[in-house]
Amino acid sequence: MKKLLISAVSALVLGSGAALANSNVQDHAFSFEGIFGKFDQAQLRRGFQVYSEVCSTCHGMKFVPIRTLSDDGGPQLDPTFVREYAAGLDTIIDKDSGEERDRKETDMFPTRVGDGMGPDLSVMAKARAGFSGPAGSGMNQLFKGIGGPEYIYRYVTGFPEENPACAPEGIDGYYYNEVFQVGGVPDTCKDAAGIKTTHGSWAQMPPALFDDLVTYEDGTPATVDQMGQDVASFLMWAAEPKLVARKQMGLVAVVMLGLLSVMLYLTNKRLWAPYKRQKA
């Protein structure tokens, strides 16, 4: 018992330290969070627009089939539009013929490789930790999941207009981001022990979002904050397209198990209670 208690405390402490790596990521309420949460179709469509017009230049989604854009629970775009959209993307080498052809809706989104290209965004929402809970305890991840959408949202909106006071000139060719933890930091922004004194660090990626960068088809004002929320939601759907269906299945399973437990209890009372009283 003592060893178990020590192990549990150690895990909590170590987990807290890891969670503190992204302690500057603040909580944000998305529509798909919680047991009954669902994706907002309008938001997914706006997020897809931001991805296709802004992010897709440098970031691919090589694990996401294009056809899923018309699936239930997602953006549910018109299949004809999806086919035309696929045909307008980068061409692909056919696996059977070895010849170059137009991309089809059954193919994956293009990938982006080479100098200046960013990481693939297919599962980015599951690969980054967001809000860690009180004091970086990691409780938020335990009860609400890893929080990747929060990280994405805070990252794309986390480029301040001015650099921190400790390095007003910044780093040439890099851009300060308030939640990015693994980038470069000037010596002027470190204490005597060499630990950085800023919340974030400098990243190679420049700010990608600006007010009115896109024109939303539904008329929603395209502020940086709005575009950040929308693209984060879209990337969460891209990483977890069956999230809502899985929640519903889990809820049904819990209800069925609850009913089964009640039935077993009542059956036990009905069949065995008289014999237990006789034995007593």
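A Cβ is built for glycine as well, from the same backbone N, Cα and C atoms used for every other residue.
Swiss-Prot annotates Cys55, Cys58, His59 as heme c-binding residues; of Met108, Met205, the candidate listed for that same site is Met205.
Taking the mean position of the Cβ atoms of Cys55, Cys58, His59, Met205 as the heme c site, the remaining residues of that chain whose Cβ falls within 8 Å of it are Val54, Ser56, Thr57, Arg112, Met117, Gly118, Leu121, Ala208.
Figure note: comparing Cβ neighbours within 10 Å for the binding-site residues Cys55, Cys58, Met205, the maximum is reached by Cys55.
In the three-state DSSP assignment, the secondary structure recorded for Cys58 (heme c binding site) is coil.
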